[in-house]
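All remarks here apply to the structure that follows.
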Amino acid sequence: MSSAAHSSHKTSPELLLQLAGITKKFGPLIANDAIDLKVHKGEIVALLGENGAGKTTLMNILFGHYVADEGTVTVTNRDGNLEQLEPGAPQAALDAGIGMVHQHFTLAENLSGLDNIVLGTEPIFRLRRDRTAARAKLADLMSGSGLNVDLDQPVHKLTVGEKQRVEILKALYRDARLLVLDEPTAVLTPQEADSLFVILRQLAATGLSVIIIAHKLAEVLAVSHRIAVLRGGKKVGEMQTSDADHRSIAELMVGREVPVSRRTERVPGAPVLRLSDVTIDRGDARRSLHGVNLTACEGEILGIAGVSGNGQAALAQLLAGLDKPDSGIVEIFEAIVTKFDAHKFAQNGIARIPEDRHHDGMVGSMSVAENIAIEDVRSKDYQKFGFLDFAAIRKRAEQAIKDYDVRCPGPGAPARLLSGGNIQKLILARVLEKSPKLILANQPSRGLDVGAQSEVHRRLLEARQNGAAVILISEDLDELLTISDQIVVIHAGHVSKAIPTDAIDRSELGLMMAGQTKTYTQQAQTSNTIRQGETP
Amino acid sequence: MEIIDILLAASFWEAAIRIATPLIFGVLGALVCERAGVLNLGIEGIFTAGAMAGWMAVWLGAGLWGGVLVAALAGGFFGLIHAILTVPLGLSQHVSGIGVTLLATSLSYFTYRTALPDVSSPPRIIPFQPLDIPILSDLPFIGQALFSQTAMTMLALVLVFVTGWVLYRTPLGLAIRAVGDNPSSVEAQGLSVYGLRIGAVVVGSAMMALGGAFLTMSAFDAFFFGMINGRGWVCIALTVFASWRPGKALIGALLFGAFDAFQVRLQTEVGAFFPSQVFLMMPYILSIIALIVVARKADYPKALLVPWFKGQR
């Protein structure tokens, strides 16, 4: 597809946007260092870089959320003249035809899609609203671009993909000439992502310019015309997508070679976790499970694939001991669990890596050392005469910081000062140090850069090698296919049969995540029978 | 039997609507603030300030509508203090609100005492008189219950309609609801989060102050210490009961007014059979029940109590 699309793209000389010498400092941190970037009409530019490379900062400057310390943003205005954009004024960016779709959507959930789109486009002091013209224009936009969505629904009733469409329509409704998408595929299924790319290509063909911020290579290679790579706040490379090669860009982004973790063959042992017909009904699809059967064995990584909000939260809560099933049986270490208690679960060797590491994984105002010891404060090792033994806590923290390479000012530093990757290392240090038998890893590498991601994978594979069962909940297919031994798909609270990773077809998996097929049932059943034979 | 008689009397409904009037002003004001995402616990003090300022303006010769204007300005002033503390500075809305209540109440008492150092009974003004609308006021039942109220009650009823219209039928109302739901959505569309929130709190506070002014300029004819007597807090509870909707706010206020009027009559009819506190509790109990029900619904302002800062997401 990509070659055909490339040929259809005419190398249009008309310049639309020019960023020149943009520099932005946050205290001692240089988020953007003299960055230049040009975007032409009808061009899709991918802005690639690790977390913290400065992509989002740059786009926030473009959109007027931040003011650059140095440098200028110039836009060719609708009359064809170059015009410098007023810094720090989102309204100026909107007027110039720049529309931004943030990674975290800026939609008012209680309002309808239509309300969200027309918000701020009408004169504010008027006695009535007239929506006829708006509806007509949106109907045109939708039929022209394929961005179909029910605009009269309150936004909280829409799926993530639909919300994103509302965001894009919001920009197009304001006659955007440049659309900036921040990590647009992070929340989409592979199918949704593909259809988004088709839509973007169509829009580009009609003259819309697009900047896609991304850290996943494969995607931008498929959709973009040109790639710019940022690292450490500097632009380190720029090329036509047709000339780009996967490996060299990856190294350009990271600045060094990235070790790739691969799992090795291993025969799974006795079952560690078994769910039989477990149902949790909370009336809300995100928090419910329906008749779930699941087995995880020693020395294997069981991947739970699914689009977020399909019951993963319920499963994670259950396995962390924070919720109990309405019906069904949970067996852990071949004993039926009767008391669901988070503390007890942790004591019994269940390691939990929570989804929201900032919120659930640590206490920001407490020190790194305290955060590492927090699950074990009742243990005798960290007590002296009934009081906390800070020397022992500090000693363990120092060891953990060294072993897990947690970059921090010291064990006494407040944990909130750490970056996302280092917080994750801190959590790994806390839970893996105790050689757990069962590890619940919920989105363990989401939002991490490639380096930290490969570290998380290495640690999980190491735990698997040491005989732990790992439940890996993830939306990232690459991650699931790289390190899990078997994969189940979770959709609307239902969990499919386990499929050996080697027997999986990627697009089929995407369809299952979207709840569209049960092709694997047959095949999976066979594999399950074999497995049951192995582990009676 | 007495109960039925009480409920069927036009005088009962006249009293219910009269008692409800300050609450209608207050709950509409609270609703406007909260729709924009700001809880305004300054309401009790703003009621006091409105009652004091309106009454004193009339006493000094400003005329009744002049007094209403002064009361609204006083309310807007204290609303502005609360808005500046909670919106651009992002301080705790609870702390700031209670602070405003203490400040506005004390300042009102202080002003009163300074102006009138030696009076034992406060000077009286000539308050708003019951309307006498041709035909309408002569209708049976409804003429007495509704059309013989004072002009301020009519203003309150009109304000219910106006608030509802603005919130649901105008671009401004859409922006206010959006800023209380997700401020980033408003910023991304090029509108000012601070402007909308500050504006809503100032206007909402001015509406609250009218509730206080009604007490000194329509229900009574003078200002007394402690006369607000928790009406502001009732409005905060009624806002939740109303699930932030003007129409339901009117029903909630009328329900409270009816309970109060009923309680007074029941006591005079059958003696102190029920302790009056039982009836005073009812609106709160209703509000707690309503809270349990609406808290499960999605339609509350999602960004209520959440400060928002520019350039931070």
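Glycine residues also receive a Cβ, built from the backbone N, Cα and C atoms like all the rest.
TrEMBL annotations: computationally assigned, not manually curated.
Database features (TrEMBL):
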{"type": "TRANSMEM", "residues": "B:6-31", "note": "transmembrane segment"}
{"type": "TRANSMEM", "residues": "B:38-58", "note": "transmembrane segment"}
{"type": "TRANSMEM", "residues": "B:64-87", "note": "transmembrane segment"}
{"type": "TRANSMEM", "residues": "B:94-112", "note": "transmembrane segment"}
{"type": "TRANSMEM", "residues": "B:146-168", "note": "transmembrane segment"}
{"type": "TRANSMEM", "residues": "B:194-216", "note": "transmembrane segment"}
{"type": "TRANSMEM", "residues": "B:272-295", "note": "transmembrane segment"}
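If you look at the transmembrane segment (B:6-31) against the transmembrane segment (B:146-168), you find at least three C-beta pairs under 8 angstroms, all six or more positions apart, and that counts as contact. The transmembrane segment (B:194-216) makes contact with the transmembrane segment (B:64-87), as judged by at least three Cβ pairs under 8 Å among residues 6 or more apart in sequence. Using a Cβ-Cβ cut-off under 8 Å and counting only residues 6 or more beyond its ends in the same chain, the transmembrane segment (B:64-87) has close neighbours at 29, 33, 38, 40, 42, 45-46, 49-58, 93, 96-97, 99-100, 103-104, 127-128, 152, 194, 197-198, 201-210, 212-213, 217, 307. Within its own chain, the transmembrane segment (B:94-112) has Cβ neighbours under 8 Å at 39-46, 48-49, 51-53, 56, 78, 81-82, 85-86, 223, 225, 232, counting only residues six or more beyond its boundaries.
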